[in-house]
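*Asks:* What follows is a structure written as structure tokens; I'll ask about it next.
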Ligand SMILES: NC(=O)C1=CN([C@@H]2O[C@H](COP(=O)(O)OP(=O)(O)OC[C@H]3O[C@@H](n4cnc5c(N)ncnc54)[C@H](OP(=O)(O)O)[C@@H]3O)[C@@H](O)[C@H]2O)C=CC1
Ligand SMILES: O=C(O)C1=N[C@H](C(=O)O)C[C@H](O)C1
């Protein structure tokens, strides 16, 4: 039986790589309890004990494909799924008026508009990377981009992830690109080069380039390279374990609980904004 003073959280995508890490993080965090676990209709995990599936002792919380009752009984939802699922869950969380913590990456501009609309009714924390290290790195990237003139230093962002990742560039690479663009006071989408192939011509001054590697079990490596003539600065982060993202997500849930509706970032949660 859940302690009524605890914040009850639903994990959507409960059987996924992040879903399982989130369930372990909830169980390890005082003041939080797992109140629901959701997977897509047709998943072989429906009916399984969510905590046992995450490698813990059974908690009695069965994985369901019906989000509405789970959201109605919770104070927050942790969502690391797919863009289509996240947009749907944002609507349900808004209806229930509960905090929605979104780690899902690869959302289109249209998805972002719908998420922003849901944030008029409930607090949403959304970030391409929930770790403390990456959010701190974003601040350093912004400062470096501001300090080093675009005419002298080219910015390139390199990322590598496991073979299962479906979106590119990663949400983190885009977050770091946005930090660099902010430092340079330019618009990222108008100044980014997302891929190169064939006879590309020489590099255009002031652009921010992205390069993507995929393979093996890499949790998440990111480097921001500021390349000048005769010298190069590299600011890097290596994620060794998904626990760092899950810890950030539960911290965001506790921060967002009872907060006024709005779209917040991890910089708000960590007080780095
Ligand atoms: N912001 C951050 O800090 C981080 C973000 N991420 C992002 O989180 C997302 C998930 O990553 P990861 O855990 O590796 O991926 P997984 O594929 O392992 O997990 C996603 C889970 O969501 C489930 N799912 C899909 N559609 C629905 C639906 N409609 N309802 C309920 N569940 C659904 C999937 O089920 P099924 O497999 O059956 O389709 C799967 O279990 C990605 O976008 C990734 O980039 C990842 C790590 C950190
Ligand atoms: O898909 C992943 O695994 C990760 N996705 C996020 C991203 O797109 O940046 C965060 C982390 O790097 C792991």
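Even glycines carry a Cβ here, placed using N, Cα and C.
Unlike curated entries, TrEMBL annotations are predicted automatically.
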*Asks:* According to TrEMBL, 13, 14, 15, 16, 17, 18, 103, 104, 105, 127, 128, 129, 130 bind NAD(+); which one of 39, 146, 151 is listed for that same site?
*Replies:* 39
*Asks:* In the domain 'Dihydrodipicolinate reductase C-terminal' (133-270), how many residues does DSSP put in helix, strand and coil?
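*Replies:* Residue counts for the domain 'Dihydrodipicolinate reductase C-terminal' (133-270) by secondary structure: 52 helix, 36 strand, 50 coil.
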*Asks:* Please identify, from the recorded positions 162, 165, the residue with the sparsest Cβ neighbourhood, meaning fewest other Cβ atoms within 10 angstroms.
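*Replies:* Checked 162, 165; of these recorded positions, fewest Cβ neighbours within 10 Å: 162.
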*Asks:* Under a three-state reduction of DSSP output, how is residue 39 (NAD(+) binding site) classified: helix, strand, or coil?
*Replies:* coil
*Asks:* Should we count any of the recorded positions 17, 40, 104, 129, 161 as near ligand 1, judged by a CB under 6 A from one of its atoms, and which?
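*Replies:* The recorded positions passing the 6 Å Cβ test are 17, 40, 104, 129.
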*Asks:* I'd like to confirm something. Which of the binding-site residues, 15, 17, 129, has a Cα closest to the Cα of residue 162 ((S)-2,3,4,5-tetrahydrodipicolinate binding site)?
*Replies:* 17
